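Shown next, in structure tokens, is the structure this report addresses.
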Amino acid sequence: MKSSLDFLNNFIQRDAVKKLESINNYPLIEFLNSVVKLCEPDSVYLITGSDEEKEYIRKKALESKEEIRLQTSGHTIHFDHPLDQARAREDTFILSDTKIPYVNTKPRNEGLSEMLTLLKGSMRGREMYVGFYSLGPRNSPFQILAVQVTDSPYVIHSENILYRIAFEDFSNNTKFLRFVHSKGEPDIKKRRIMIDLANNTVYSVNTTYAGNSVGLKKLALRLTIMKAVEEGWLSEHMAIVGFNGDKGIHYFTASFPSGSGKTSTSMIGNLISDDLAFIREFEGLPKAVNPEIGVFGIIQGINARDDPIIWEVLHKPGEVIFSNVLMTEDGDVYWEGSELPKPERGYNHEGRWDRESGKPASHPNARFTVPLTSFSNLDKNWDNPNGVIIDGIIFGVRDYSTLVPVVEAFSWSHGVITIGASMESARTSAVIGKSDELEFNPMAILDFMPISLSRYLRNYLNFGKRLRKSPKIFGFNYFLKDDNKFLNSKEDKKVWVSWAVKRVEETANAIYTPIGLIPFYEDLKALFKRVLGKEYGKEEYEKQFTIKLRKYLEKTERIIEIYLKFEDIPSEVINELKMQKERIVDYINKYGDSVSPFRLEKD
């Protein structure tokens, strides 16, 4: 270890080597030693938690021009390459010698060889930054440690906002996840993200978009999903929110594909997480924590009327990194959907912009990065090391034609399989590809799946069997249309949530349908009046909650066909789907291709 420390001493800032030596973590020192030799930086800067270090990173982000200071105190803006604006599915690989359905794999030795070649000498002439973080609260049974190595001040600045710095927790050879990133060169053809499950290491090069470069975000999710499946807990792409009911607060997790309502749902309750959740079982109860302490959110469409909490965060002094929005000539920002007057000209990720060009002022996947503590609706348990008990789970999709706004599952297995594992959603701008194309995306997590869905779902089902009280599971859809017009307003989600809370509290009844339990009209009418102060007509209800049996049948058959291709799929998955299909067919024989909720209520 001494020789490795002596080598690092030539690169690391004064006194940091002593700190590194004091925590006595030989694998950590060897890891840093190997990465420095691989990437060949001019110097190395460790972030161990001091205010001085955090300020140093902020200054470096500005000096490097990776960020530009804006007129509001604490606000900066970052621009990514015009072709590096979203998660790069086609350039992201799980290193595996076995092909996995729906997972982009590459043989391990081939992938490592390619990546190490790209990283060799990639930091020459630059400074390397090393951050030491905790996923989940410190001193918690949920805690997972992670190290980020990067040559991008913007990336490490983002990590400092989004994650708990936990250098001292790395003592005595504690295990940790490893993330190595180099912004490399602006050559998208050489952009690569490789996830090495065998060594709990993720490599990323020739990219700066945070979804590809900020390791502890969605890159870490691949590693924690694997860890969760091996250990029997859940690592999920879910918000954690507390909703107040007549009997107190109830915590829900909420899973939505990116850009489909997850952040907006988390803003109507007490916020713990807007994106990720670790869920473990303690004494038969499911408890959850947020691995993060910040928000990396989509900004398009955020306006003062619909999103007052986020709007306040983005306009008050405090630490905010905007990315790929428009910077105006006076140092302010503008984004599409803000409902503010569009500026005459400005600067965005493509360079100079003017209104007459007709081009959008900001990218549809433009983002903001802020600390959780900036939000006025932050829950008091946001950093509770013991987590919060989960009473409900929401699986939401962007479906324009079929799914009702809210439905409750009959049971844990019914909800996991026919709602969560059957999710199909219109693709959004958060991933590269054609928008609005309906795609299979179970639990909104397929992009991050490092293993077979069979293993993942088996763990999910087994987790529920260990619970003495499992959360109720709900399917949400905010995007149902009729004649190409949305059937709901943005604020209606507050009513669907309120009904779910009443179901948890057992203060509302429900109508039995072949696809689950739906609300009675009178209950929703009362909730619309109480929650939103507006009337809710029978015609609205009937359009929203008519069960389109034929379309549900087609969907169920599609999902069955998908899962039958998996050799090792749990029999419970196919059986649950086949039972759903039989129920739907029975209802088609009785009612036809669709059935009004009023008719079901009478029957």
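Numbers here mean position along the shown chain, with the first residue as 1.
The backbone N, Cα and C atoms fix where each Cβ goes, and this holds for glycine too.
On a predicted model such as this, the values are computed, not experimentally measured, just so you know.
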Same-site residue for GTP (record: Swiss-Prot; known: GLY259, SER260, GLY261, LYS262, THR263, SER264, ARG367; options: ARG222, ARG280, ARG345, ARG398): ARG398
Residue among ARG58, ARG69, ARG87, ARG503 sharing the substrate site, where Swiss-Prot lists TYR209, ALA210, GLY211, SER258, ASN365, ALA366, ARG367 as binders: ARG87
Listed in sequence order, residues not in LYS218, HIS237, ASP275 with Cβ within 8 Å of the centre of the Mn(2+) site Cβ atoms: LYS217, LEU221, SER258, LEU276, ILE445, PHE448
Candidate with the highest Cβ count within 10 Å, taken from the binding-site residues ALA210, ALA366: ALA366
Rounded distance in angstrom between the Cα atoms of GLY259 (GTP binding site) and LYS218 (Mn(2+) binding site): 15
Densest Cβ neighbourhood among TYR209, SER260 (recorded positions), 10 Å radius: SER260
Cα-proximity to LYS262 (GTP binding site), 10 Å cut-off, over binding-site residues ARG87, TYR209, LYS218, ASP275, ALA366: ASP275
For ALA210 (substrate binding site), the one of SER260, GLY261, THR263, ASP275, ARG398 that lies nearest, given that the recorded positions are compared by Cα: ASP275
Largest CA-to-CA spread of GTP binders GLY259, SER260, GLY261, LYS262, THR263, SER264, ARG367, ARG398, angstrom: 20
Where THR263 (GTP binding site) sits in the secondary structure, as DSSP reduces it to three classes: helix
